């Protein structure tokens, strides 16, 4: 009997989602002659029983080709709302759509919610990791991360020249509330002088001392500071600055650091803040993200054909392999290892990455 599978994108968007959709539709159609339904706007579309036949109505194999270099997701996505408040509706929708299996492309939050729904409804679920934060456990790589790193590095390349021209300290705030993979990778690749991440606490004195040393010892009158939005102060500094008019929670991590540098230097150091924001989520997917998305999409279809459900496609040791979704959810988010090779490499290059423990 011909299978009917569904596919949805959930959570924040990122480059490479359309590449996954392209791979799933192409492989499912060419190899297995399955029907593929795209479910718009994640669990909202599932609850409302919306579905788009991706191998019909203009989405033939020739028409899918442009998806390879298209950012965002043609299916739309949401990252808000209380999904579990509509459990019964969504459980009924899976049956009403007559799905034999569902492919979910999401981050750790989405995977947790969809895994819970699948467990309650006995769905046949296969997951694909996507996140610019790269914080999904048990996989070395997630769709969207590489492009986001490249986007930040491009911004750092541009900002370095304007910082040098004006002898400024440029603070670049990037995404990463609980994990600093994005800031760490982009900061090292982009030649940052300071990288602040959630996993390693920093002090105002340590930060200011490092910038002063760049000027006094190395005659570097400019500096590039990359800070994750979830970077954490040491406890002593938190207590001292809790009443500050520009605490991180009030005006943003980047602006807070700029104000502290100005205060330490008695306003002798000129600072500027650049919050990259959602530009990190956009753009044409990189070659690596296209390859990752394609292999992940193909592997997800094969897992369905093999009857291997409750699995997420992961990248480990150069191969795409299945790992149990429940293990991924239990071990996520994946944090930066403070003693890992990336942190140690950054420190050996003279980059301030917070205080050593």
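One is the number of the first residue shown, and numbering goes on along the chain from there.
Positions of Cβ are set from backbone N, Cα and C atoms, glycine also.
These figures come from a predicted structure and were not determined experimentally.
The feature ATP binding site is assigned by Swiss-Prot to 12, 80, 81, 107, 108, 109, 110. Counting only residues at least six positions away in the same chain, the Cβ atoms of 11, 79 sit under 8 Å from the Cβ of residue 109 (ATP binding site).
For residue 108 (ATP binding site), the same-chain residues that are 6 or more apart in sequence and have a Cβ closer than 8 Å to its Cβ are 131, 135, 136, 137, 328, 329, 332, 333. What Swiss-Prot lists as Mg(2+) binding site is 108, and the listing cites sequence analysis.
The site 'Important for substrate specificity' feature in Swiss-Prot is assigned to 109; the stated evidence is sequence analysis.
Packing around residue 175 (substrate binding site) is summarised by its Cβ count: 22 other Cβ atoms lie within 10 angstroms of its Cβ, all protein chains included. Among the features that Swiss-Prot reports, substrate binding site is placed at 131, 132, 133, 168, 175, 176, 177, 229, 272, 278, 279, 280, 281.
The annotation active site, proton acceptor is assigned in Swiss-Prot to 133 on the grounds of sequence analysis. Sequence-distant neighbours of residue 133 (substrate binding site) (same chain, 6+ residues apart, CB-CB distance under 8 A): 107, 145, 175, 176, 177, 178, 179, 181, 182, 333.
In the three-state DSSP scheme, residue 109 (ATP binding site) falls into the helix class.
For residue 110 (ATP binding site), the same-chain residues 6+ apart in sequence whose C-beta sits under 8 angstroms from its C-beta are 10, 11, 42, 79, 104.
Secondary structure at residue 281 (substrate binding site), taken from DSSP and collapsed to helix, strand or coil, is helix. Residue 272 (substrate binding site) falls within a strand when secondary structure is assigned with DSSP. Annotated pair residue 80 (ATP binding site) and residue 281 (substrate binding site), C-alpha to C-alpha distance, rounded: 17 Å. Cα separation, residue 279 (substrate binding site) to residue 12 (ATP binding site), rounded: 12 Å.
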